[in-house]
Amino acid sequence: MLLALAQWLQNDYGFLRVFNYLTFRAVMASLTALVIGLGFGPFVIRRLTELKVGQAVRSYGPQTHLVKAGTPTMGGVLVLIGIAVSTLLWADWGNRFIWIVLLVTLGYGAIGWVDDYRKVVHRDPKGMSSREKFFWQTVIGLFAAAYLAFSVSETSNMRVLELFMEWVRSGLSLNLPAKSHLIVPFFKEISYPLGVFGFIILTYLVIVGSSNAVNLTDGLDGLVIMPVVLVGSALGVFAYVMGSAVYSKYLLFPHIPGAGELLIFCSAMAGAGLAFLWFNAHPAQVFMGDVGALALGGALGTIAVIVRQEIVLFIMGGIFVAETVSVMLQVTWFKFTKKRYGEGRRLFRMAPLHHHFELSGWKETQVVVRFWVITMMLVLIGLSTLKLR
């Protein structure tokens, strides 16, 4: 919005040309989201407390968590407001990628909000059923995947429609342009054509998987938000590179026109995330809830698909992956041993993985900071793929 206003007035006020610089708007988007979060945070927390939107704590979990009972949840609303307002202020409204990422983010946020609302307001411990939640995640994920399959390689929505019609006329056999191929990090000559259906399936898995993985990681004070900020910021760097004809050519990446504008969204996400951490640091004054975790995970997955860095997201989000795999292994092993031996056995003291380390003697703050450090290392490895190819 501010970009359009500045472009309209810049002939009379030359200093407004600074709005044409993506990096300037990215910095301002981050600062705006940070100020919104810090400014409205106390009000949101106070309001959630008045509404008695308190988090229930499992009695069979780490005993140190019992003191958290009643801490207001659904604080992810604060993050989403900061991201949405800042992005709409500083991003180019004509950019189609901004709108699809906002759609996924706010759509998944709505799913999480309904789930949280049922849990804490209606006192329904189950919230949304797994089937209902998965259904709506699938609807949004498939819509985004189908659009991006024809959008990533094109420069406008008209070209998206033309490519779609070409695919239909070809009997659904048309291969997508090379820009839509799966990029293998560290190898500049290797990429895999996916086809329309392959692209849609992979995109769906990345978006839905990332959303749920981030949600599983959100279990300790400050644990999930810093990895989200770090990974999101790194994806912003990739977006800037892929959106630049000069940098993408120099670093041997496909040029994706319009992808650079996602740096605005990533910067807003970083600012909003740091503001939330101010209140979520141990001992937390507010929890994120599904409304924030599902949304942020969906955003990371969508951005990774647009900038063709699905595998790099898997690397940088290694903590999210480890948390998810620990749950899958725990459930699978428990069911297998119960069927085989008549009693369920566990691989970990408790899943997700962060609870295993807590029950192994690590303090909550140790788990959180060590997971942050691991994420920093993985993000640096991911960023190194920009040049080490």
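Each Cβ is built from the backbone N, Cα and C atoms, and glycine gets one as well.
Taken from Swiss-Prot, the feature transmembrane segment covers 25-45 (among others), and the record attributes it to sequence analysis. Sequence-distant neighbours of the transmembrane segment (25-45) (same chain, 6+ residues past either end, Cβ-Cβ under 8 Å): 2-3, 19, 72, 75, 77-79, 81-83, 85-87, 89-91, 236, 263-272, 274-276, 278-279, 285-286.
The feature transmembrane segment is assigned by Swiss-Prot to 74-94 (among others), with sequence analysis given as support.
Per Swiss-Prot, transmembrane segment is recorded for 97-117 (among others), and the stated evidence type is sequence analysis. Outside the transmembrane segment (97-117) by six or more residues, the chain places 53, 73-74, 76-77, 80, 83-84, 87, 91, 127-128, 133, 136-137, 140-141, 143-144, 147-148, 151, 207, 211, 215, 258-259, 261-262, 264-265, 289-299, 301-303, 306 with a CB less than 8 A from a CB of the stretch.
The transmembrane segment annotation in Swiss-Prot covers 134-154 (among others), and the record cites sequence analysis as its basis.
The feature transmembrane segment is assigned by Swiss-Prot to 190-210 (among others).
Beyond the ends of the transmembrane segment (222-242), by six or more residues, the same chain brings 22, 26, 79, 214, 248, 251, 253-256, 259-263, 265-267, 269-270, 273-274, 276-277, 280-282, 284, 288, 293, 296-297, 299-300, 303-304, 306-309, 312-313, 316-317, 319-320, 354, 367-368, 371-372, 375-376, 379, 382-383, 386 to within a C-beta distance below 8 angstroms of the stretch. The transmembrane segment annotation in Swiss-Prot covers 222-242 (among others).
According to Swiss-Prot, the feature transmembrane segment maps to 259-279 (among others).
The feature transmembrane segment is assigned by Swiss-Prot to 286-306 (among others), with sequence analysis given as support. Long-range contacts of the transmembrane segment (286-306) within the same chain, counting only residues at least 6 positions beyond its ends with a Cβ under 8 Å from a Cβ of the stretch, are 41, 44-45, 48, 55, 68, 71-80, 83, 97, 100-101, 104-109, 111-113, 115-116, 127, 137, 140-141, 144-145, 148, 152, 202-203, 206-215, 217-218, 224-225, 228, 231-232, 235, 239, 256, 259, 262, 265-266, 269, 273, 276, 279-280, 312-313, 317, 320.
If you look up Swiss-Prot, you'll see 311-331 (among others) marked as transmembrane segment, on the strength of sequence analysis.
The transmembrane segment feature in Swiss-Prot is assigned to 366-386 (among others); the stated evidence is sequence analysis.
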May I ask you to check whether the transmembrane segment (74-94) and the transmembrane segment (311-331) make contact, with contact taken as at least three Cβ pairs under 8 Å and only pairs 6 or more apart in sequence counted? no
Counting Cβ pairs closer than 8 Å, which of 134-154, 190-210, 259-279, 366-386 has the most of them with the transmembrane segment (311-331)? 366-386
Cβ contacts under 8 Å made by the transmembrane segment (134-154) with residues that lie 6+ beyond its boundaries: 96-97, 100, 103-104, 107-108, 111, 160, 163-164, 167, 176-180, 196, 199-201, 203-204, 207-208, 211-212, 256, 294, 298, 302, 305-306, 308
Mind checking which residues of the chain, 6+ beyond the ends of the transmembrane segment (190-210), have their Cβ under 8 Å from one of its Cβ atoms? 104, 134, 137-138, 140-142, 144-146, 148-150, 167, 172, 174-176, 178, 180-184, 297-298, 300-302, 304-305, 310, 313, 317, 320, 324
